[in-house]
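S.K.: Below is one structure. I have some questions about it.
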Amino acid sequence: MAYFDLENEVNSALRMDLPLTRGPLMRWQRREQSQVSNSFLNSSSSNSSSVKTPNKSLNRSQSSGTLSKTPKNKTPGSGGRRKTPSNLAKTPSAGDRFIPNRSTTEFDAAHYKLCTQNTISSEDWSMLSPSQQEYKKLMNENLNGDALDKKIISCNMKPPQAPEGYQNNLRVLYSTGKAGVSAKKTTRHIPQQPDRILDAPEILDDYYLRLIDWSAQNILAVALGNSVYLWNASHGDITLLLQLENAGDEYVSCVNWTEDGSHLAVGLSSGIVELWDPAQQKRLRSMSGHPARVGALSWNSYILSSGCRTGGIHHHDVRVAQHHVGTLLGHTQEVCGLEWSPNGKYLASGGNDNLINIWQAGSGSLLTAGETLHTFNQHQAAVKALAWCPWQNNVLASGGGTADRHIRFWNCNNGVSLGAVDTNSQVCALLWSPEYKEIISGHGYTQNQLTIWKYPTMTKVSELTGHTARVLHMCLSPDGTTVVSAGADETLRLWKCFDIDETAKKTKSKAMKSETSSSLMVHLR
C-alpha cells in the first residue's frame, strides 16, 4: 500500500497542470508560522507551571485520535522545566553592519568638520600654486594627523593585519604580466629658481613695447634705452649692435628677428623701422612711414609688418626700394601686439582699444586684405600678449591687461571663442611649449610671476617667482627648453622649465632615423 502511495505522489509531482500544493513556503508565510508558534509557546508557558510542553508523541497521538501522556523523563540539565526557545539572536560583539561602532567613531573630528573647519572651494583651490597646495596638505597632516582623512563614522572593526612575512599566493597571478613593464613617469621636475640672471639696466618699464627677442641662431637681442645689445647664449659673449645718437629724445621701442635669425628688425620711437645685419654689425636700410613710435613687429617671410601708436599697421617688402606695400586700419589706439601665424595665413593684432583683429592673407600672396576677417572684443583691457599654437595653426591665445586679467583662446577659422581662464593678474606675455603641450604666461601685479598651464584643461602646473616687478616680456630659446623673462626690475631671468627628457629624445631620434631610412629605401627601389 505504501508503494502505491509513493507512486501516486510521484505522478502528481510530475504533472505540470496541477496546482503546487507541497512546495516551499513563501517568506511571509514562514514569518506568520513562526509568530503563531511563538505565541502558542508563550501562552502555554504562562498558563500554568504544571503544564508541560507537548512533544512529538503528543502530536502523533492527536493525529491518530488517541491521547497519550507526556513522558515523565525530563530534559537533562533543565532543572525539571523546559525553557521556551528564543527567536532573537544575540548581538555580535563587533557591532552590526547597520549600527555604527562607537569605539571607532571620532566625535571630536566630526564636531570640528561640522562647526569649525573652513573648506576651500574647488575654484579657489585650483588658483593656488602647486607649492601652496603642498604646504596646506603638509600643515593639515601635521596638525590633524589622519583623523580628517578617514571615515568619521565606522560601521565595523578594521580587518586584522596580516602576519609578518605573509605572502599571498594570488600575487603571482596578478603580477606575472606586469613584471617587465616600466613605470611611466607622470611628473617632471621644474626648477623653481632661474638658471641664470642677467642685468638689464635702463630697460623701459612700458607695457606696450616688445624689447627682447631670441633668434634661431641662439642670440638674444635686448633693447636697453637707446641701445640694442646681443647676447650669445652659446658662449655668453655680449655685443653692442647699435646706439642712437639722440639719446635723450629717441629710444628703441621693439626688436624682432627673421625666421632664420640672420637679420634683426628694430623699431624706433620716431616711427622708423631699421633692418640690421648682426654678423657684420651693419644697418642695411631704414624704412619710414609711421608718424609715431613702432611698438610691434612681426615677420612673414620677406614681408615685415609693423604696428604704430596711431593704430595703423604697415606692410614692408624688404626686397624692393618702395618698401611700403600695404596698410591696415582696424585699431583706434596703439597697436601693442602683432603676430603672424606659423603657416603665414593669418595676422593677429591687439591694441590698446581692447580689440583683437584677425587679418587673412590673400591667396598666393603674403599680404593681407584691407578688411578684417574677425574682430574679438571680449577683453576689457589692452591686448599685448598674443601667441599662435604651434600644433594648431588656427588657434590663437591672447592675454588682457590689468582690468581684464584673462587668457582667452580663439579659433580663427570660424571666429569662435574656445574658452577663457581668469589669472587674477595682468597678462603681459604668452608662450607655447610644443614639447609638453603647455602654455606659459608672464604676469604683472601683484605676484610678478610666470605661470605654466596645461592645455587645454588650463590647470596650473607650476609658478615661477623671483621678479620684484612685473614681467614685461618673454621669449623661448630655439631648442624650446628655456624661457627668458624681462622684468621692470631691470633683470633678465632664464628658466629651464621645459627641459626635454634625454631618454624620450633618443627614442624620438631613433624613430625619425628609421623613418628616414625606410623612405630612402622606397625611393631607391
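Including glycine, each Cβ sits where the backbone N, Cα and C put it.
Pulled these from TrEMBL:
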REGION    36-102  region 'Disordered'
COMPBIAS  37-50  compositional bias 'Low complexity'
COMPBIAS  51-76  compositional bias 'Polar residues'
DOMAIN    198-495  domain 'CDC20/Fizzy WD40'
REPEAT    245-286  repeat 'WD'
REPEAT    328-369  repeat 'WD'
REPEAT    464-496  repeat 'WD'
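Quick one: how deep are these features, and who are their neighbours?
M.R.: The average pLDDT the prediction assigns to the repeat 'WD' (245-286) is 92.
Remote same-chain partners of the repeat 'WD' (328-369), defined as residues 6 or more beyond its termini with a Cβ less than 8 Å from a stretch Cβ, comprise 207-209, 295-303, 305-315, 375-377, 379-388, 390, 393-394, 396, 398, 400, 404, 410, 412, 415.
Long-range contacts of the repeat 'WD' (464-496) within the same chain, counting only residues at least 6 positions beyond its ends with a Cβ under 8 Å from a Cβ of the stretch, are 190-203, 205-207, 209-218, 220, 222, 233, 261, 426, 428-431, 433-435, 440, 442-445, 447-452.
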S.K.: From the DSSP assignment alone, can you count helix, strand and coil residues within the repeat 'WD' (245-286)?
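M.R.: Summed by class, the stretch gives 0 helix, 21 strand, 21 coil.
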S.K.: Six or more residues beyond either end and a Cβ under 8 Å away: which residues meet both conditions relative to the repeat 'WD' (245-286)?
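M.R.: The answer is 204, 209-217, 219, 221-228, 230, 239, 292-299, 301, 304, 306, 308, 316, 318, 323, 478.
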